[in-house]
Amino acid sequence: MIELKNISVTFQQKKQEIQAVQDVSLTIDKGDIYGIVGYSGAGKSTLVRVINLLQRPTAGTVIINKENILTFSKKELRQQRKKIGMIFQHFNLMKERTIFSNIDFSLKYSGLSKSERRQKISHLLELVGLSEKRDAYPSQLSGGQKQRVAIARALANDPEILLCDEATSALDPKTTGQILALLKKLNQELNLTIVLITHEMQVVKEICNKVAVMENGCVVESNDIVSIFSQPQQPLTKDFIRTATHIDQALTTILEHPKLADLDKNQELIEFSYVGDQTNEPLIAQLYSQYQVYTNILYGNVEIVQNVPIGHLIVVLSGDEAQRQQALTYLAKQGVRTNVLKTYQQTKQKQNLQVI
């Protein structure tokens, strides 16, 4: 449905060229909730504005429904933009107008009669759960309610695509969850394609089925959400995953604890990652019964991503080196990814440094 081909965006700042987006190619299918995640300055907001040509690319092609919209006339582009709604971190509501009037403003040139507009606005308010607020003013609403109004306004012209630029960044965690649930509902009920810009991997995990990770204007990794969470390839992606699964907090606690992180001879501190049916397998029991390797679980969790369980364990493996190696080989054959976090030799080196 949306194809971005070799998109680059360059800004001229004084005498310096700044490349905000560098040679990015993405394909977003109809019905996707596609997340684009990255830290501030990664280029994600610039990229999403290319989709509706609020930002024209310096180079590349923008294909929507098999048409290159870069070739559209001004009139054709106006019609195209009606099919693309957009919401932002800041709600941009007109404070002197009621909620009803804020949405009605978007229908000003729709060709609908006053009665038809009234009926449509009532339906939109019902869709976003704000029917009782139609005569209220923005100042009387909470942040979450204001974003619901912004969503209703963005849907006024029956768009096929909804662009969400940091739409939950100004909201508390509970309200964020409610807005994400609403977006997921709209995606399912309206077959709405959603492109979600965020710096929070937790947001992506909640509703996206695909994700691209951006850094310094480039997409460093993209895949379906389960593959990204279960088999991240790039260091930045791994960092984002850890923040969304709280593994980084657990690992920091373990490594900084004087007893938990100290290993004896024939011990290793290891992280296991597994996905899908592997979460139901008694793998830890198998390590002892087959290889006489003891497993001390220091931390574990299971995340549900797109209805697929993804598990993580941080453990201390105990056994002679050959047995541990056989156990790790067995786990690899079962599809479990292993990452050696610390060895006895590293513990010993640290102790020697402390003595010195």
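Quick reminder: no glycine exception, Cβ is built from N, Cα and C everywhere.
Feature annotations, courtesy of Swiss-Prot:
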BINDING   GLY38, TYR39, SER40, GLY41, ALA42, GLY43, LYS44, SER45  ATP binding site
DOMAIN    2-241  domain 'ABC transporter'
Checklist entry - Looking at Cβ-Cβ distances, which residues of the chain lie under 8 angstroms from GLY38 (ATP binding site) while being 6 or more apart from it? => result LYS44, HIS199, VAL213, MET214, GLU215
Next on the checklist: Most Cβ neighbours within 10 Å: which of the binding-site residues TYR39, GLY41, LYS44, SER45 is it?
Outcome noted: LYS44
Checklist entry - Who sits close to GLY43 (ATP binding site): which same-chain residues at least 6 apart have their Cβ under 8 Å from its Cβ? => result VAL9, ALA20, VAL21, GLN22, VAL24, MET214, ASN216, GLY217, CYS218
Item to check | Check: same-chain CB within 8 A of ATP site center, minus GLY38, TYR39, SER40, GLY41, ALA42, GLY43, LYS44, SER45 | outcome: HIS199, MET214, GLU215
Checklist outcome for this item: For SER40 (ATP binding site), the number of neighbouring Cβ atoms whose distance to its own Cβ is within 10 Å equals 8
Item to check | DSSP-derived structure type at SER45 (ATP binding site), helix or strand or else coil | outcome: helix
Checklist entry - For TYR39 (ATP binding site), what is the secondary structure state per DSSP, taken as helix, strand or coil? => result coil
Item to check | Cβ neighbours within the same chain of ALA42 (ATP binding site) - under 8 Å, at least six residues apart | outcome: MET214, GLU215, ASN216, GLY217
